[in-house]
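Features as listed in Swiss-Prot:
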type	residues	note
ACT_SITE	439	active site, cysteine radical intermediate
BINDING	9, 15, 16, 17, 18, 19, 20, 21, 55, 91	ATP binding site
BINDING	209, 437, 441, 623, 624, 625	GDP binding site
BINDING	232, 233, 234, 262, 269	dTTP binding site
DOMAIN	5-95	domain 'ATP-cone'
SITE	225	site 'Important for hydrogen atom transfer'
SITE	462	site 'Important for hydrogen atom transfer'
SITE	730	site 'Important for electron transfer'
SITE	731	site 'Important for electron transfer'
SITE	754	site 'Interacts with thioredoxin/glutaredoxin'
SITE	759	site 'Interacts with thioredoxin/glutaredoxin'
């Protein structure tokens with residue numbers, strides 16, 4: 001019957017269907033793959049054909065037929081579906097399978113105002129011919145189906161109204177490289193462009209969404225994370241709101257420190273009126289966050305930070321839950337509770353926590369971050385001052401409420417502010433850490449703005465990227481990769497534009513980077529070690545020692561070449577203090593691996609030449625970009641050997657790397673009996689990482705009596721994380737049984753890990 005069907009071609013011409021042509025394309029897409037049935041894909045497709053069907057719909061039907069066959073027994077369908085999609089995208093972009101040459105493509109795209117004019121200004125035609133020779137378009141065939149769909153949905157330049165695609169992946173990679181090294185000397189820039197292109201197009205380095213989606217376009221804002229602090233006055237609150245709108249519209253995820261805002265009922269202007277409290281202003285922030293999508297790529301998102309001793313804490317902890325009414329809930333942001341040693345001590349000793357409005361207790365709020373001894377002294381003093389409004393609550397009640405809300409929403413995060421400042425890249429006396437970002441991996445100094453043009457405020461930005469651990473042949477590879485990644489991200493800081501002066505001043509003075517990892521689960525599987533039993537501890541120590549060492553060394557080399565960052569004196573590195581000096585020594589009880597690299601030589605070099613960047617490392621979530629690299633997410637264990645990830649492009653099946661060879665080596669999330677092994681590994685990483693880690697906790701209620709997670713277990717894991725020096729905790733994942741109908745190795749995963757915000761890669 002199909003032989004008599006007519007089809008409408010892309011050019012509008014109608015002709016008889018050519019099944020031989022379809023089979024030729026299917027044969028091409030299946031070449032070299034195992035366990036593929038071309039006839040099965042053809043059969044599944046043809047039953048959906050109809051008269052006058054468009055050839056574009058035929059192509060999409062074939063792609064879906066192949067993608068639906070991705071399974072445990074036939075994982076190679078992910079590559080067949082990917083190749084068919086690449087073919088389809090190239091036809092949409094170029095009208096043919098073979099891409100044009102780079103120079104003609106760039107000229108055309110600049111004419112269409114899709115690419116930045118500087119590409120033609122900075123590079124003569126001869127350079128484009130050289131860059132064109134670097135491009136390996138066949139690398140498009142290394143993408144998995146999930147990767148190609150993410151490219152299509154988020155990263156390739158397109159008209160989001162008409163769905164017109166304008167480029168292919170290799171053009172994206174070469175032009176990102178060209179943009180980043182455009183100001184390098186003529187004699188070296190082609191070398192760096194080629195090396196960086198090779199590293200990103202072969203998935204050795206993973207780039208964040210703002211860079212992948214925007215770098216090469218006229219829009220120049222590529223920092224993934226923005227940290228904004230609000231003061232306790234209307235001018236500052238409104239300046240914060242303005243800053244949020246500007247950055248959300250430009251692809252950034254937001255961290256908002258609202259901890260200074262005074263409590264409900266506090267006096268204003270010596271009692272002229274009473275304060276409305278935090279919630280109305282949180283709603284104000286929420287409206288700003290949701291006012292824009294992030295450059296058409298994803299919706300805005302933010303995390304708000306406040307201390308556990310805030311007078312309104314009981315109302316703030318429940319803002320995200322589904323109970324209550326609209327007036328007393330602010331559900332469309334996430335929240336992070338700030339803790340320190342004194343608060344944990346009150347819990348352990350069965351004592352009370354006293355709640356204050358920050359406006360009533362001079363210097364308490366600032367000392368909470370920059371001086372723990374002073375904080376404890378002032379806190380006890382104010383507890384005994386009968387003239388100050390306060391409320392005493394049992395520490396066990398407050399921690400239980402916090403952990404209950406963390407469990408029910410999954411999105412109440414933890415920041416240990418003392419660890420953030422004692423094990424910091426920054427000197428807390430000069431540049432204290434008072435908040436984190438959307439996903440809790442960034443710890444940078446901030447200062448509230450009084451208006452959006454305030455030169456004295458500080459909005460902190462962090463530019464992210466990640467090393468693909470699965471691509472390493474050995475730890476020596478990290479030297480070259482670190483050099484490339486530090487140079488590239490440092491160039492981003494000079495290349496991008498800054499909508500707010502205080503952000504520009506901070507970014508160019510501190511030059512902070514956050515370089516993390518992807519594919520850690522594959523790295524463990526490849527090395528035959530596991531999350532849960534301690535077998536990965538020493539490997540993790542050696543790996544993250546090498547990562548931080550080589551990143552610092554690369555930044556020091558760049559400082560010799562271009563100068564140290566202007567505010568290098570604000571860092572502990574300036575004093576010769578390294579992460580290996582300030583980590584929580586309890587880590588030594590779980591890992592006795594010695595240091596293997598010459599840290600004393602590095603210390604001398606840093607003291608002599610400085611660093612180009614105030615910070616180098618942060619371990620972020622990477623749900624989307626890890627799919628591009630066909631890698632596992634960040635440091636997380638996979639939920640299944642084949643995960644079905646819900647995204648706006650539909651259900652995407654992603655297979656773990658080297659499934660056939662290593663399927664018995666992977667330790668899946670819900671097969672890990674408890675959080676202890678994971679928290680130990682995270683603490684070993686934190687020993688070296690100079691910012692923080694988006695570390696999660698995970699619970700399967702079926703492992704506990706009556707299918708209920710005991711509060712004692714939740715608190716125990718929280719205390720373990722603190723004892724081992726973790727600065728932050730991100731999501732709490734609770735197994736809900738939604739995936740029980742799948743086979744053991746196929747798990748659903750909502751693509752929510754930092755899905756709306758850009759603080760992931």
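Heads up, the Cβ atoms here are built off N, Cα and C, so glycines get one too.
In the structure shown, the C-beta of 441 has more C-beta neighbours within 10 angstroms than that of any other entry among the binding-site residues 20, 441, 623.
The Cα atom of residue 624 (GDP binding site) lies nearest to that of 439, taking the recorded positions 16, 55, 233, 439, 731 as the candidates.
When the binding-site residues 9, 262 are scored by other C-beta atoms within 10 Å, 262 scores highest. Only 225, of the recorded positions 225, 439, 623, have a C-alpha within 10 angstroms of the C-alpha of residue 462 (site 'Important for hydrogen atom transfer'). Spatial neighbours are here defined as Cα atoms within 10 angstroms of one another, and by that definition residue 730 (site 'Important for electron transfer') has no neighbours among the binding-site residues 18, 20, 209, 233, 625. For the GDP site, whose binding residues are given in the record as 209, 437, 441, 623, 624, 625, the maximum C-alpha distance rounds to 19 Å. For the pair residue 16 (ATP binding site) and residue 441 (GDP binding site), the C-alpha distance works out to 57 angstrom. Every protein chain shown contributes to the tally, and the Cβ of residue 225 (site 'Important for hydrogen atom transfer') ends up with 32 other Cβ atoms within 10 Å. Separation of the C-alpha atoms of residue 55 (ATP binding site) and residue 623 (GDP binding site): 33 Å, rounded to the nearest whole number. Ranked by CA distance from residue 441 (GDP binding site), the recorded positions 9, 18, 225, 233, 234 have 225 at the top as the closest. Taken as a whole, the domain 'ATP-cone' (5-95) shows an average pLDDT of 93 in this prediction.
Neighbours of residue 225 (site 'Important for hydrogen atom transfer') among the recorded positions 209, 234, 437, 439, 623, defined as a Cα within 10 Å of its Cα, are 437, 439. Apart from 232, 233, 234, 262, 269, the residues listed for dTTP, the same chain places the Cβ atoms of 268, 275, 359 within 8 Å of the centroid of those Cβ atoms.
For residue 731 (site 'Important for electron transfer'), none of the binding-site residues have C-alpha atoms inside a 10 Å radius of its own C-alpha, out of 18, 209, 234.
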